[in-house]
């Protein structure tokens with residue numbers, strides 16, 4: 001399974017062959033994928049040939065922004081007022097229409113933007129013209145010097161030594177010059193002269209001739225010169241270097257080296273190689289507005305105050321209000337953090353300075369700090385303006401974490417960034433917006449009030465948000481009438497805006513490949529499968545034995561999921577190779593889910609081992625295809641013991657250090673004793689053994705249903721939800737588990753919980769709880785946010801959710 005930068009899995013289920021339940025931003029989707037072709041593919045993740053089965057994964061709470069107290073229960077952003085209990089697609093459309101109506105469209109704004117663009121173009125043309133003029137002058141000087149040297153050398157004809165001595169014996173010499181030290185003789189002849197070559201031929205050497213001679217030939221040349229009939233005599237020249245030429249020869253190489261080095265340093269310090277100096281004065285004013293942002297209404301609402309301040313600062317100054325100097329957008333990749341930042345600048349119609357934090361860090365000390373100063377200086381000149389720094393964790397990581405022992409360049413850059421943020425004046429009207437996927441590793445000095453005053457979660461959207469995002473990306477695509485975007489949104493829990501855009505783009509590519517004009521529902525389904533599991537491998541041909549074993553393996557996953565009491569419906573089972581998997585099973589949630597219970601995690605363990613158990617029962621000879629199932633199930637069981645407090649022997653303690661603790665230079669590998677480690681291992685083995693036994697009971701009691709499902713898979717290769725419901729209609733359910741007690745001295749209460757509000761379903765009540773502000777339903781210190789425990793997480797490799805709790809499904813399967 002692909003991992004985020006922070007080590008937690010991506011926010012959507014992928015086609016690994018055996019991954020336990022993975023939660024996706026409040027929704028649960030289980031895909032059981034891939035049976036591997038051999039032991040060399042027995043490692044985790046997607047395998048070169050895998051037949052997985054999706055078992056669930058829940059989120060890893062140690063990662064991601066979910067643990068921020070400012071985050072609201074539903075989406076991690078601060079909620080100051082109770083909000084409506086349920087949003088419909090019409091609510092999203094109405095909100096977008098209102099924002100679109102507020103988009104500045106008047107002629108004056110348009111003319112201002114055009115004027116700024118003309119000024120930028122004019123400055124760019126002037127700079128290019130100056131560069132061309134300077135370059136032309138330098139080229140002319142160089143050409144002149146070369147031409148002079150070439151012309152001078154062409155005046156003298158060089159002959160060999162023997163020819164030169166023969167000329168000295170003739171009476172054709174008008175004047176001669178001997179250069180001492182260079183062993184060169186120049187002869188001025190009275191008229192054009194021809195010399196005889198060794199082969200008897202002659203050649204014209206003109207009236208100016210020169211030749212070289214060796215030191216031993218010096219006396220002979222002197223005799224010839226003394227005896228020669230030279231009309232004007234000869235002279236000896238001793239070459240002497242002038243003081244200027246001597247200094248040039250001595251210092252010119254050093255000057256050139258220093259000049260190149262200075263130029264290189266200037267380029268690095270000014271960031272011209274990165275375009276920083278060129279880009280800052282020409283900061284763009286984005287055309288993006290809040291009307292272009294779908295599925296992130298909470299984040300838009302939080303940053304709207306920044307827009308209002310930049311437009312009407314006087315209203316805030318009258319009441320002594322100070323706008324946040326910094327806004328930190330955090331969330332998984334692809335959720336639209338950059339888009340939100342651009343929309344703020346576009347709505348406020350102010351210059352937008354965008355740069356990646358990694359561009360500040362260079363090999364040479366001090367360059368990062370210099371770039372920070374230049375960036376803020378340029379932004380203040382164009383105030384009101386917005387600075388956007390993407391992936392700020394590249395320079396904002398906590399000092400002392402992962403740094404060397406010396407004077408770290410990144411630490412200097414961070415210090416300069418802190419100084420610049422402190423130097424903001426209320427009259428500057430410059431707002432810093434930063435984005436990161438790892439808020440947990442940022443330096444605390446950055447997050448204190450007065451710097452990043454407002455921290456906003458930009459999480460993966462819920463079902464209605466996904467539908468709104470799909471409608472935005474479907475505007476320019478011809479969709480057939482059978483395409484239901486609401487259904488696509490329902491079966492893509494945890495997908496980010498980038499994932500949804502990729503689905504529709506893949507569907508459009510498939511349509512164009514077949515030379516069709518309309519995107520059909522089949523195209524969208526195929527695109528969804530391609531994004532989640534990879535392209536279909538039509539060239540991979542399996543033997544009948546492999547196909548049968550894969551069918552039983554996938555059937556074992558699906559049967560176990562259908563027979564358990566705390567799983568979602570099985571919606572698809574296939575043995576068609578796709579990506580690195582030879583098949584997968586999909587378990588789709590009926591609604592977004594933000595937490596996972598202990599029974600749900602136990603069910604994930606059980607149907608993760610369903611494929612292995614089916615091989616044991618049917619063939620009595622299991623294969624390596626279940627290795628990834630075992631790995632993911634073991635990870636889930638270990639998290640239940642060490643992170644989720646779901647073991648009565650270990651108790652509600654966290655034994656796994658956080659990522660920030662692991663990054664400390666001298667952090668111990670483990671913070672508990674050997675005896676406790678042995679207890680943890682025993683508890684993990686007990687959970688795995690119990691799940692294996694439960695899967696065996698389900699398979700043996702429903703053997704007839706498993707055989708029927710395997711036969712249908714061998715015949716049709718893919719079975720969908722409706723037919724699966726018919727096959728599983730007579731399945732014998734697993735018995736309910738006994739009530740679990742964390743301690744026998746703390747028995748459960750016999751009193752039932754209060755009833756749900758009248759007229760509301762359990763899902764609606766969960767939505768209400770999700771939208772409640774933190775002070776009404778959240779315990780910020782290791783407690784619950786929107787019902788999801790910070791200590792929770794879900795199945796192994798689960799995705800970080802908005803509330804930090806476990807989130808549903810993932811993938812299990814036979815490799």
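One-based numbering along the chain as shown.
Even glycines carry a Cβ here, placed using N, Cα and C.
What you are looking at is a predicted structure, and each value in this text was computed from that prediction instead of being measured.
There are 34 other CB atoms within 10 A of the CB of residue 554 (active site), with all protein chains counted. Per TrEMBL, active site is recorded for 554.
Marked as ATP binding site by TrEMBL: 331, 332, 333, 334, 335, 336, 337, 338. Under the DSSP three-state reduction, residue 335 (ATP binding site) is assigned to coil, being neither helix nor strand. Taking the Cβ of residue 335 (ATP binding site) as centre and 10 Å as the limit, one finds 27 other Cβ atoms among all the protein chains shown.
The feature Zn(2+) binding site is assigned by TrEMBL to 553, 557, 629.
Summarising the annotation, TrEMBL assigns compositional bias 'Basic and acidic residues' to 1-15 (among others).
What TrEMBL records for 50-69 is compositional bias 'Low complexity'.
Taken from TrEMBL, the feature compositional bias 'Basic and acidic residues' covers 105-126 (among others).
Per TrEMBL, compositional bias 'Gly residues' is recorded for 783-815.
The domain 'AAA+ ATPase' feature in TrEMBL is assigned to 323-462. When pLDDT is averaged over the domain 'AAA+ ATPase' (323-462), the result is 80.
For 1-131 (among others), the entry in TrEMBL reads region 'Disordered'.
TrEMBL lists 743-815 (among others) with the feature region 'Disordered'.
The transmembrane segment annotation in TrEMBL covers 134-152 (among others).
Look at TrEMBL and you will find 243-265 (among others) tagged as transmembrane segment.
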Binding-site residues listed as 331, 333, least Cβ neighbours within 10 Å: 333
Shell of the ATP site beyond 331, 332, 333, 334, 335, 336, 337, 338, same chain only (C-beta within 8 angstroms of their C-beta centre): 329, 435, 437, 458, 496, 497, 498
Fewest Cβ neighbours within 10 Å, where candidates are the binding-site residues 334, 336: 334
Residue from 553, 557, 629 whose C-alpha is spatially nearest that of residue 333 (ATP binding site), among the binding-site residues: 629
Top Cα neighbour of residue 331 (ATP binding site) in the set of recorded positions 553, 554, 557, 629: 629
Cα-Cα distance linking residue 629 (Zn(2+) binding site) and residue 335 (ATP binding site), given in Å to the nearest integer: 30
Neighbour-count leader, CB within 10 A, binding-site residues: 337, 557: 557
Rounded Cα-Cα span from residue 553 (Zn(2+) binding site) to residue 334 (ATP binding site), Å: 34
Candidate nearest residue 338 (ATP binding site) in space, where candidates are the recorded positions 553, 554, 557, 629 and distance is Cα-Cα: 629
